[in-house]
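Written below as structure tokens is the structure these notes are about.
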Ligand SMILES: Nc1nc2c(ncn2[C@@H]2O[C@H](COP(=O)(O)OP(=O)(O)OP(=O)(O)O)[C@@H](O)[C@H]2O)c(=O)[nH]1
Ligand SMILES: [Zn+2]
């Protein structure tokens, strides 16, 4: 992995199929009941009786990325692309994630580009990688670095460029309560990191489609 990226990511953040010590269904439902009481509501009233079960199920879906391996998604590549070796960008990959500080949504889109080195990957796999990392607790910086890191690691292209733009509900719904502010993050590896012109080309192509 690119040394600069590795430094940005805590070891635990770049985990493929992490081993988790999940609580039992009963434990998680009890925890949700406690949170319901914390809101000031009554978990025994009719409308809330099934809520702990629903929340437990929703959490498994929204945080399903812990059970998936982003590197595996990039395993299948193609070499028969008529010698194409220039920039490939998948832009406007919409995602929903949750911030690791408040566990409330981060809503945004990712733009991912890479310079192939003899092989390309199925375009949907890039969106799958974004989705897997987004379905974990995140900071935007880590999400950006993780997407770039795994593509660089597995495909070993000449460079990877990732730009993420997102709104953090923890800044909109609570705390400072600033609606509509957007956070932009980017990670560049290889040729993109070493060559500002490649960065400009990436950003220009992303913007050409009405992106960031
Ligand atoms: N760098 C970064 N910060 C984030 C992200 N998501 C949320 N935050 C910030 O994390 C910080 C947590 O700050 P704390 O002071 O520990 O928590 P807090 O009292 O809830 O902070 P406030 O949001 O300012 O009320 C806040 O400034 C959030 O805006 C992210 O993806 N990246
Ligand atoms: Zn937050």
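Using the three backbone atoms N, Cα and C, a Cβ is placed for every residue, glycine included.
TrEMBL: automatically predicted annotations, no manual curation.
According to TrEMBL, the protein has these features:
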{"type": "DOMAIN", "residues": "29-206", "note": "domain 'GTP cyclohydrolase I'"}
{"type": "BINDING", "residues": "99, 102, 170", "note": "Zn(2+) binding site"}
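Annotated features taken from TrEMBL, shown on the structure.
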{"residue": "99", "record": "Zn(2+) binding site", "CB count, 10 Å": "18"}
{"residue": "102", "record": "Zn(2+) binding site", "CB count, 10 Å": "16"}
{"residue": "170", "record": "Zn(2+) binding site", "CB count, 10 Å": "16"}
Key: Local confidence of the prediction over the domain 'GTP cyclohydrolase I' (29-206), expressed as mean pLDDT   = 96
Note = Near Zn(2+): residues not in 99, 102, 170 with Cβ within 8 Å of the site Cβ centroid are 98, 100, 101, 103, 104, 106, 168, 169, 171, 174
